[in-house]
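Colleague: Straight out of TrEMBL:
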DOMAIN    22-137  domain 'Cyclic nucleotide-binding'
BINDING   GLU87, ARG96  3',5'-cyclic AMP 1 binding site
DOMAIN    140-262  domain 'Cyclic nucleotide-binding'
BINDING   GLU211, ARG220  3',5'-cyclic AMP 2 binding site
Amino acid sequence: MDSERSSQSKQLIKDALLGNEFIKVLAMTQLREVIDCMYEKKVAKNCYIIKEGERGEHIYVCAEGLLEVHKDDKRLGEIKPGGLFGELAILYNCKRTASVKAVTATTLWVLDRRVFQTIMMKTGLQKREENMTFLKSVPLLKNLPSEKLAKIADVLEYDFFHENEYIIREGAAGDMFFILNKGEVKVTQMIAGQSDPKEVRRLKRGDYFGEKALLSEDRRTANVIALPPGVECLTVDRDAFTQLIGDLNELHNKDYGDEARGAERNSLSRAHGLIESVDIYDPPLSWGGAGGA
């Protein structure tokens, strides 16, 4: 197969995978490995590719030809080039729910279930190792035992935020804890006597935010906004945070500078005849978090 044909085939497989609700959630590294591991298979006219009730060991992408789908001897539909089938059995180890038969001579791209599982396991382990290495670089977490870091790594989710997107809004309820993995964010907060939020600091890779609302059940006390070109955060939900991270002394003893700032602000307010009382978020630079969020 020449390089042009190979490129076309890879694109056909990729489009089929990304068009499937169950497969498209895979990471790009996993998709690339799946594509590279699929092999070509020729099927003669009137041959069955899969039969209803059998255990599924393969996932298929139709490259050429026409297939028919049958269930209980009734025709349900057809599969044309670019169509993907067999994914449920390979994902969930269940029996085939329908039969697929070649109406014409057909060319398929095939992936074995065992290979698929190996890819999922390998990439999953690689990602877990990457998460562990990163967590050890986060000042808040670096002294935790490996067993606890492993548990945190297992519950981490990846979220991407576009530039200028609000990750956290001041006054909103808080249910997530964030660790910056890529990019930078700015933290802003409403200040008494000012009409617009003031930028109070910026955070970068390894910094964390969002813990204060989870620890105290308070509303978010600051805005956190993604800077260009966007940011990737590792997130932990409230339940996992409470169980795995929320008992760290560093979080409970963290000084956000609220009292000092509050006293300074009250003095300024009295001087200007104001009676506003809003805590200004201003954590020490030695800490990673925007804890006020």
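Yeah, the Cβs are placed from backbone N, Cα and C, and that goes for glycine too.
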Colleague: Count, for each of the binding-site residues GLU87, GLU211, the other C-beta atoms lying within 10 angstroms of its own C-beta, and report the residue with the smallest count.
Modeller: GLU87
Colleague: Provide, as an integer number of angstrom, the distance between the C-alpha atoms of GLU211 (3',5'-cyclic AMP 2 binding site) and GLU87 (3',5'-cyclic AMP 1 binding site).
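Modeller: Cα-Cα distance, GLU211 (3',5'-cyclic AMP 2 binding site) to GLU87 (3',5'-cyclic AMP 1 binding site): 40 Å.
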Colleague: Would you mind reading off the Cα separation of GLU87 (3',5'-cyclic AMP 1 binding site) from ARG220 (3',5'-cyclic AMP 2 binding site), to the nearest angstrom?
Modeller: 42
Colleague: Going by a 10 angstroms cut-off between Cβ atoms, which of the binding-site residues ARG96, ARG220 has the sparsest surroundings?
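Modeller: Per-residue Cβ counts within 10 Å for the binding-site residues ARG96, ARG220 bottom out at ARG96.
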Colleague: Roughly how many angstrom lie between the C-alpha atoms of ARG96 (3',5'-cyclic AMP 1 binding site) and ARG220 (3',5'-cyclic AMP 2 binding site)?
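Modeller: ARG96 (3',5'-cyclic AMP 1 binding site) to ARG220 (3',5'-cyclic AMP 2 binding site), Cα-Cα distance: 49 Å.
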Colleague: Under the DSSP assignment, what numbers of helix, strand and coil residues are found in the domain 'Cyclic nucleotide-binding' (140-262)?
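Modeller: Breakdown, helix to coil: 32 helix, 41 strand, 50 coil.
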Colleague: DSSP says what for the domain 'Cyclic nucleotide-binding' (22-137): how many helix, strand, coil residues?
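Modeller: Here the numbers are 41 helix, 41 strand, 34 coil.
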